[in-house]
Amino acid sequence: MSKEQILLRINQLKEQLNLWSKQYYVDDNPSVDDTEYDLALKELISLENLYPEFITSDSPSQKVGGTVSEKFLKITHKTPMLSLGNVFNFDEFLEFNTQVSKVSNNLNNEYVAELKIDGLSISLVYENGVLVSAATRGNGVIGEDVTTNVRTIKSIPLKISKKERVEVRGEIYLSKAEFEKINQKRLLNNEDLFINPRNAAAGTLRQLDSKIVASRNLDAFLYYYISDDSPNLNQYESILKLNQLGFKTNKETMLCKNLDQIKAYIDKYTNLKNDLDYQIDGIVFKINDKNLQNSLGFTSKIPKWAIAYKFPAEIKQTKLLDIFATVGRTGKITYNAKLEPVFLMGATISAATLNNAEYIKSKDLRINSIVKIKKAGDVIPEVIEAIKDETFYNLEVFQPILYCPNCHSLLEKNENEVDQFCINSSCSMKILRSLQHFSSREAMNIVSLGDRSLEILFNLEIIQNISDIYKLEEYKDQILAIENFGLKSYLNLIDSINMSKNNSLEKVLFGLGIRHIGSKTAKILARKYQNIDNLMKASYDELIQINSIGESLALSIIDWFKIEDNLKLINELKSFNINFNYLGAKINSDSIIANKTFVITGTLTRPREEFKTLIENNAGKISGSISKQTDYLLAGNNVGSKLEKAKKLGVIIIDEQQFFDLLKSEKG
């Protein structure tokens, strides 16, 4: 065949395969068997391998994965991806509808009812009919670029017929059947099991190797259509438009015309939720009328025209087989329940946290008793009470342990605290948990050094403390000798470790595990002191002057830097060129808004995070509510009750332009 004929055949195969994919994954109505599809795909891949110049991003061959990404870039959402408010029963929904009715003047508002898929939100952007980007929700303003991985999801089209820019939003999920397959495979490979389908889907989408993503058969339901040429589509029209363009939407979606239909929909899926092949944790109700949506507007975090109805927690009975304790990175002892397996909220539950000894005593939980367990949504299962039948009082009363379950050191408990602690600095489990915390995503984000890998390296005594992480190149041969740890894994590990050296101060500060310092406090301290040396010199009196730093936290910081081993660790990390400087924008303490408190409300023309950052960079403070201490209310469009309260309290009210003018002005 000539090149022209090859190109023609490739285009024919692409068109045919895309049609078959839509019929199978979106319409649920396949017209050919798997063998015919596979043969056509094999022919396409063969031709594209011979003529790689003809490979395009919309080719079905690109759904098999293969690109390994070094890291995920960031994408700013053109329209913020907001979260939803919640209601937990029908009476609360009626209250929400009453608020809507104050604007619509109609109690029987039309709502689109959508099952709330327990997955992760995604934003897809198409330009000239081709998928150009896919981003996670992230913080609502900025998400992670997962385009390469999303291309492998068979129910998401790489090409659509519309040429204008289109943004489509939906939920990526893993079916229950696929979840079971993945966990069975992980069990055979002696890998940690995923807790639930949502965690598995999230973990899969963040894989650096898209071949792994392709192998796990993620799926997607799309529900939101944004396009400049169709700004006034009603919500249900938006769903129909998505169907027309070849997107997979949930067939259970319904246009409810009155409250009776809404109640019937809730009752139906409260009973059927566990029979679906995907997990749901509620129902989303959205006002259908686009004009009414616009009139209702938004708060700072949520749309006022949509609400999530969350299913009530499920409660079941099972047997408490055992109570066992674990030790965390700070030495805190956590008690856990081993349960006779029971199916609850779409998952098999065999364990639950019992928090601490005081919690167990307060509920009088006893081994071999029958207990009630509760689970709501993605929340960890909770043991709520013991069934005190005639056999209960013959069971042994629970007694707290006295010694660490790992190193067997005597535990300590302060009078004013409910928790017990292992204070042995050499406790191996404390050390391992500290290492896992240091390398975690929220801290140093050493992507290739997961909990499992760290445990293996720790048990082999290759890593025994934080500084050992930065010496791994000395152990190349030992690491390569580990089963399933090839050269590629080793190189990825070293790259991740080297990248972590460039983190900003707040990441390493959080990673060090100083008691009471969370990620938010770490950032406050990093912004204030700019580098680790300044923080080490800070006095107690100086620390407690900082907003949100209390006495116990200030003492914890002072005490941590008094310990010789901790100072030695800082110096060792410096010798490995770990950055200990704050890399964020420097605070302008001389700004006119320094120490002024702002509240932000309404819809703004720029992302809310941008205004928060500007305020913080100019030494201002952010509050979520109006009070006598509020200096300014920054008000956008569609403001709510905060405006009236600000007027009553005499708070200065400014718009966006006045805010920027204020920043430019000088202190008088």
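From the backbone N, Cα and C atoms, a Cβ is placed for every residue, glycine too.
Summarising the annotation, Swiss-Prot assigns NAD(+) binding site to ASP34, THR35, GLU36, TYR37, ASP38, SER83, LEU84, GLU114, ARG137, GLU171, LYS286, LYS310 and lists sequence analysis as the type of evidence. Neighbour count (other Cβ atoms within 10 Å of the Cβ, all protein chains): 21 for LYS286 (NAD(+) binding site).
With a cut-off of 8 Å between CB atoms and residues at least 6 apart in sequence, the same chain places ILE280, ASP281, GLY282, ILE283, VAL284, ALA308, TYR309, LYS310 near LYS116 (active site, N6-AMP-lysine intermediate), listed in sequence order. What Swiss-Prot lists as active site, N6-AMP-lysine intermediate is LYS116.
In sequence order, VAL327, GLY331, ILE333, CYS404, ASN406, CYS407, SER409, LEU411, LYS430 constitute the residues six or more apart from CYS422 (Zn(2+) binding site) in its chain with CB-CB distances below 8 Å. What Swiss-Prot records for CYS404, CYS407, CYS422, CYS427 is Zn(2+) binding site.
The domain 'BRCT' annotation in Swiss-Prot covers 588-668 and rests on sequence analysis.
Cβ neighbours within 10 Å of CYS407 (Zn(2+) binding site), excluding its own Cβ and spanning all shown chains: 16.
Secondary structure of the domain 'BRCT' (588-668) per DSSP, as helix, strand and coil residue counts: 28 helix, 16 strand, 37 coil.
Confidence for the domain 'BRCT' (588-668), expressed as mean pLDDT, is 86. Around the Cβ of GLU36 (NAD(+) binding site), the same chain contributes no residue under 8 angstroms that is 6 or more positions distant in sequence. Counting Cβ atoms from all protein chains shown, CYS427 (Zn(2+) binding site) has 20 others lying within 10 Å of its own Cβ. Within the same chain, residues at least six positions away from ARG137 (NAD(+) binding site) with a Cβ under 8 Å of its Cβ are MET81, LEU120, SER121, ILE122, SER123, GLY143.
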